[in-house]
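For reference, TrEMBL has these:
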type	residues	note
DOMAIN	93-520	domain 'Major facilitator superfamily (MFS) profile'
TRANSMEM	25-44	transmembrane segment
TRANSMEM	171-189	transmembrane segment
TRANSMEM	195-217	transmembrane segment
TRANSMEM	229-251	transmembrane segment
TRANSMEM	257-277	transmembrane segment
TRANSMEM	346-367	transmembrane segment
TRANSMEM	379-400	transmembrane segment
TRANSMEM	407-426	transmembrane segment
TRANSMEM	432-456	transmembrane segment
Amino acid sequence: MAPPLAFDDVLVEIGTFGRFQLRQFLLMILPLVFNAFSNLSYVFTAADLKYRCYIPECENRTDAAYLTEWLPAAVPYQRNQPAGCERYEAFVNITGDYLQCQASDFNHSAITRCFDFVYEDKAATTIVNEFNLTCDENTWKITLVGTIHSVAQGLALLLGGLFSDRYGRKWALLLSIGLGSTLGIVRSFSVNYEMFLVLEFLEPLLGSTMYTTAFILGQELVGPKHRVFAKSLCLVVFALGEATMGVIAMFVHNWRYYLLALFVPGLVSLAFLWVTAESVRWLLSKGRNREAIVILERAATANRRTLSESTLKYFATNDYQRETPDLPANPSFFEQLAEVFRYKRLTIRLAICSFCWFTNVMVYYGLTLNSVTLAGDRNVNFILITLVEIPGAVCMNFILNRFPRRMTQFVSLAVCGVLCLVTLAIPEDDSWIHTAMFLFSKMAISFSFGVLYIYTAEIFPTNLRQSLLSMCSMIGRLGSIVAPQMPLLAKVWKPLPMTLFGSIALLSAFTILEFPETGNVRLPNTASEAENLKANSFDSDRSE
């Protein structure tokens with residue numbers, strides 16, 4: 001019998017990051033960008049707008065402006081802004097002279113509701129003004145959009161992980177993009193709020209797993225030394241995709257056209273993504289060795305390498321995964337999960353990983369969503385809060401190859417938590433300092449999020465890698481379910497959101513210390529290998 005052969009040894013033969021892997025990653029740019037579009041489209045389609053009551057006694061509809069000199073006489077102000085749905089009752093003897101509205105023309109002791117509004121940005125159209133979701137009693141309907149989206153994402157990650165681990169990463173990717181893009185386009189034709197909400201649920205349910213699948217497809221085909229670079233590339237592309245949404249929003253102000261601009265390219269991209277290579281690790285874990293050999297030979301040719309005869313013979317005559325004889329030949333997800341629960345350290349690791357995902361997702365999306373409430377143009381703020389992820393992504397490639405994974409994850413989470421809490425002590429009048437601290441907080445959590453993706457992919461075995469990553473991410477999506485509700489919590493106590501972000505980030509940082517160190521470690525193929533990661537450590541620089 002041939003000696004055991006680790007897949008990372010095969011990667012050394014064909015090249016750990018050559019032309020073949022680069023081509024694969026360039027293809028993965030498309031689903032990464034489309035996933036950014038899917039994740040946060042509701043920030044713009046369900047964006048709340050600034051509006052105030054229309055005062056027919058003082059203005060006409062055609063030339064009404066959001067702010068005027070006489071407005072304080074007719075409308076109560078809150079935090080130096082006109083109230084959205086309240087106005088003062090007018091005395092009956094107003095002459096109708098639009099240019100002479102004064103405080104004496106209104107009864108300031110009698111406040112009444114209004115149902116006709118003047119918007120600050122007359123060109124902007126979101127579901128708020130199109131489906132009449134104005135005033136405080138409808139705020140929950142706006143925040144519900146993001147929550148519904150996140151609930152669907154959580155379910156999708158579980159279903160997508162199961163589908164991907166059983167039927168393949170490539171098919172999961174193609175179906176996710178195809179179905180998600182189609183439903184996103186259909187959503188742009190919604191005729192009412194209810195239809196919009198249903199499609200806001202279905203689109204991420206069937207289409208939001210493209211990031212995880214694309215990440216796994218790229219990550220499983222590179223050597224240990226290049227995993228960090230691969231993830232850094234994913235983060236940069238994702239951040240650019242998010243920033244692109246802000247740029248598009250600057251020019252496309254109607255939410256229907258905005259959705260079309262985001263989702264139509266997804267359908268077009270399927271023609272390019274059809275040539276994506278299936279995950280070799282997944283094929284080997286399913287005993288489909290011949291298909292794996294074909295891809296490995298293609299990779300070796302593209303990288304100008306040669307696959308050795310001994311390697312070809314090994315894959316042709318041996319089952320690659322022989323280390324789990326207690327499992328059936330084609331085990332179900334639940335049978336494989338039961339295998340994980342046989343190992344105490346793996347079980348604890350899964351629980352901690354899930355909590356860390358919850359923290360990272362809640363803080364990441366919470367800060368992103370809150371960016372549009374900062375002083376200044378909301379589109380510019382959104383672009384800044386997304387582009388600030390790029391420096392962390394670039395630094396990750398240098399930091400994680402020089403410092404331990406565990407300590408890096410701990411420090412990034414702790415720094416984010418401290419910055420969130422420090423922000424509370426900064427007066428709102430110092431807007432630029434407040435914004436700077438906000439951006440640094442986002443940079444820290446983005447860096448932490450990127451490290452966590454790499455960490456999660458390294459601490460679980462091949463046959464369950466995407467399923468368990470998806471399970472952790474699904475639990476993490478509880479954080480994105482909570483994040484859109486932060487505006488409601490801010491109405492109770494304004495510092496509450498940042499207090500929660502900072503506190504939970506610090507708590508999560510200390511739980512990370514229970515993780516094993518995975519730097520320069522071969523990806524585990526079985527539960528037993530994952531349980532004893534330290535025993536599999538090797539010097540990747542020497543091996544590659």
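Using N, Cα and C of the backbone, Cβ positions are placed for all residues, glycine too.
Residues 30-31, 34, 37-38, 41, 160, 163-164, 196, 199-200, 202-204, 206-210, 213-214, 217, 255-260, 262-267, 269-270, 273-274, 276 of the same chain lie 6 or more positions beyond the ends of the transmembrane segment (171-189) yet place their CB under 8 Å from a CB of it.
The stretch with the most CB contacts under 8 Å to the transmembrane segment (346-367), chosen from 25-44, 407-426, 432-456, is 432-456. The list of residues near the transmembrane segment (407-426) in space but at least 6 beyond its ends in sequence, with Cβ under 8 angstroms from a Cβ of it, reads 356, 359-360, 363, 399-400, 433-434, 437-438, 440-441, 444-445, 447-448, 451-452, 455, 495, 498-499, 501-506, 508-510, 512-513, 515. Counting residues 6+ beyond its ends, the transmembrane segment (25-44) has Cβ neighbours under 8 Å at 126, 145-146, 149, 153, 173, 176-177, 180-181, 184, 200, 203-204, 207-208, 210-211, 213-215, 217-218, 230, 233-234, 237-242, 244-245, 249, 255, 258-259, 262-263, 265-266, 269, 272-273, 275-276, 368-369, 372, 382 in the same chain.
Averaged over the domain 'Major facilitator superfamily (MFS) profile' (93-520), the predicted model reaches a pLDDT of 85.
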